[in-house]
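Asker: Here it is: the structure, laid out below.
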């Protein structure tokens, strides 16, 4: 018989219904549903009494829960070498698989089911990470647009500076030629005019140089911000969400 199962379907089958992470020390209740041992303990505090299954609500004997060996074998067979251990909740020691939209923090399944985040809107970490990556891409696009504007401003300032310097050279040449035709009595007037045009030019050039320096500084800061955003995109889901949320709150 041929079997065809998608990766998403397989991932759903291997997830604990409580913590929404891959089973760890899976136990099967008498009703047939399986959960992480840690999740069942957190739910009922111990397994020596009756346990109400969170899926079918059937009350079963917790002490009769047996390890789901077949499921553990499947998970172990599919686990990649060197897979990092997931970050866990400090309260329940379960994987941080959810993101509380109200409190803007990472939580585990039990935090959302029974803890302080009960009834809060929550989203799977992978979905939040995808959403934040989209926001990061939009921010990156805005950054590129700002860089383009700064580059255009710098090009315009450089062009204006060159034009003013060239025009100043032409005016100076015209003035020199005109004054060469005059006699000595007008030499002082010639010098005064040249100094005037020179001072005016220096003032304009100094102003443009200052604007150029400011624009180039802005471009460098935008480039640094671009580098930081690119580095955020390479972080793992949890580090990325923590750092992105920290940056956005500022």
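Using the three backbone atoms N, Cα and C, a Cβ is placed for every residue, glycine included.
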Asker: Tell me which of 80-124, 125-169 corresponds to the coiled coil entry in Swiss-Prot.
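Answerer: Of the candidate stretches, Swiss-Prot labels 125-169 as coiled coil.
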Asker: Looking only at the zinc finger (16-57), what are its DSSP counts of helix, strand and coil residues?
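Answerer: Secondary-structure composition of the zinc finger (16-57): 8 helix, 10 strand, 24 coil.
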Asker: Which number gives the other C-beta atoms within 10 angstroms of the C-beta of residue 89 (Zn(2+) binding site), all protein chains shown included?
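Answerer: Residue 89 (Zn(2+) binding site) is surrounded by 20 other Cβ atoms within 10 Å.
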Asker: Secondary structure at residue 89 (Zn(2+) binding site) (DSSP, helix/strand/coil)?
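Answerer: Where residue 89 (Zn(2+) binding site) sits, the three-state DSSP reduction gives coil.
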